[in-house]
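Step one of this worksheet: look at the structure below.
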Amino acid sequence: MLAAARSLHRLSSSSSSSSARSLRRVLHPPPLPSSAPPPLPPLRTLTRALLPHLAAAPRFSTASCSTSVPSRLGECGGSQGPPAIPEEAEGDEAEEAAGALVRHDTDAYAAVELALDSVVKVFTVSSSPNYFLPWQNKAQRESMGSGFVIPGKRIVTNAHVVADHTFVLVRKHGSPTKYKAEVQAVGHECDLALLTVESEEFWDGMNSLELGDIPFLQEAVAVVGYPQGGDNISVTKGVVSRVEPTQYAHGATQLMAIQIDAAINPGNSGGPAIMGDKVAGVAFQNLSGAENIGYIIPVPVIKRFISGVEESGKYSGFCTLGISCQATENIQLRECFGMRPEMTGVLVSRINPLSDAYRILKKDDILLEFDGVPIANDGTVQFRNRERITFDHLVSMKKPEETAALKVLRDGKEQELSVTLRPLQPLVPVHQFDKLPSYYIFAGFVFIPLTQPYLHEFGEDWYNASPRRLCERALRELPKKAGEQLVILSQVLMDDINVGYERLAELQVKKVNGVEVENLKHLCSLVEGCIEENLRFDLDDEKVIVLKYQNARLATSRVLKRHRIPSAMSSDLVEEQATNGEIEASCTS
C-alpha cells in the first residue's frame, strides 16, 4: 500500500514547467481530393466538438474510427453515438435520421460551450511549513491547476492545488484577467476544495456545471483543464476502465475513484471529467510508470463533500467504522467461528478505542451485513451490475453522527446492532496542511508532536530513511483516548545547559517529573508549571534528561536569541497558556 501510495502523483503543475516544453507546429494540410467529405471545422470549433461526442456515447465502443477524414467527429465510434443514415433509407426515414443527427450536433456543441464557459485556471502561491524547523516556513512556490464552476457561484478544484496557500487567483477561459479567489472549504482526505470569487465581473458569462452520476465501464469521458505544455484550455478523451476504492495520494485515504485512460497531466488537477452535459468526476492524480492511467474523483464523493460544507459551514470529514477486518475466505477459519455454509462476512480483528464501534463490537465478531447489505468473505459488497467494491465505501458515504445497522455473528449467534459513525483522527496525523506545526522549546530541547509530514522531511524514501520506531508507531498505533499525541524530542539546539544530551534526539517523551505526557500542550503545562528544583524527562529506551529548572529557564532565552527563533512555543500553545492564565486569574479573584 505504501509503495502504491508513493507511485500516485497529484497533478497540479509548476508555473515554470510549461514554458520549457517544445511544441510541434502543424503544417498546412494538403488539398483534399474532390471526392473527399467537406473540410473539418476550424481548430477552435474542432476542439469544442470533441467533448459532446464523447458524452453522447454512454456505452463507448472500442471499434476503431474510419481512416478517412470524417465530416463530423460524431461519426467516429460509439455504440450510441449519432445515428447513421442508412444508404437504403428514403423519404421520411432519411429525413428523420438526418434530423436526429442535426439535433445531436446541436446538443453537442451546446454542451461544449457550457463546459468551456465553466472551467477556470487556478494560480496558487503557497508556502509549506518546515517540520525540522517548525518556527519557519519554506520558500514560497507557485503552481497551477484547474477548476470548474458549480451552482451557487462556487468553484470546485483539488485540495492539493490550494494546499498551504497564501494567495489564489483564477482566470476564466478566453480572458486575460486574473481574479482573486478565497478558499471557502478544503477537504484534504477527499482532495477537494471550494473557492469563491467576490468580483461580479468574473461571473459575467460564466455557466455552472451540473453533477452527474458514476459512469459505467467503457463509457466515454472528456477531461477539460489546463495541463502543462501550453497556456490555453485542453480537452482529452478517454473511457472508464475501473471503479473502486483507491488510495488518494494527497490525503492518504481510501475512497472511491474512477480510473480512466485519458491523458491526465500536471495542471489537470481540479478540472472536470465531462460526460454528456454533466460532470462525471474531478481529475486529481495519475499512476507513475504507467501509460494513460489517470484517476478522477467520482460524483458521490464530490456531493458528500459539498453537502457537508453546506450543512455545517465547513468541511466535516468522512466517516469510518474504526475497525480492522480480516477476510474469511478460508473454510477452516469460518468453521472455527461458527459460520454456516450460507453465511458470509469478515472477522473483526482490531477496534479503535475512540470509535462508537468500540462499545458495540468485540474482537472476533463476524460482521455479516452493513445497513442490510451482505458482506462477502473478501470484504466486498455488490455494486451495480456484476461489479463489487469494499464495504468501506458504504461507510464513507455516511454523514457524521448517522447510525448504521450491523448484523454480526458472535459466539455462534446472530445479533442486530446499531452504531454511530463519525470521522476519526489517527494517533499520528497523516497530513497537516493549512496550519502551522506545533512546537515547544525549553533549554534548547525542541519538542513536537509526531506527524507523518515530519517523517516526510527525511526524503522521498522516508519509510526507510526516517527513525524506524517512530515510523512504525505512526503507521500502526491507535489512540487510547481523545487528544492523545506522541510527543518526541526532535532535536537539541546546543548550549552549555544540554551538553551530553545531544544524542537523545528523535526519541519519544514518556514522562515529565513522573507524570505521563498526554500531548504537547500537556508537556508544556507540566514544564511551565514546574515548582521543583530539578526537571526530569523520561524518554524511550529508559533514557533520562535532568535539568536544573531555573538555570534551564534562563538558558531558553539565550538559545532563542542565538538561533533567531521568535518564540519558545507555537501560536496554539501561546493561546493555550494565555487562556489558562485567564482562568487562573478569574479563580483567584
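Placed from the backbone N, Cα and C atoms, the Cβ positions cover glycine too.
According to TrEMBL:
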- 1-21: compositional bias 'Low complexity' (COMPBIAS)
- 1-43: region 'Disordered' (REGION)
- 28-42: compositional bias 'Pro residues' (COMPBIAS)
- 71-97: region 'Disordered' (REGION)
- 87-96: compositional bias 'Acidic residues' (COMPBIAS)
- 321-421: domain 'PDZ' (DOMAIN)
- 428-572: domain 'Protease Do-like PDZ' (DOMAIN)
Q: Please give the average pLDDT for the domain 'Protease Do-like PDZ' (428-572) in this predicted model.
A: 94
Q: Count up the helix, strand and coil residues in the domain 'PDZ' (321-421) according to DSSP, in that order.
A: 15 helix, 42 strand, 44 coil
Q) So how many of the residues in the domain 'Protease Do-like PDZ' (428-572) end up helix, strand or coil by DSSP? A) 52 helix, 34 strand, 59 coil
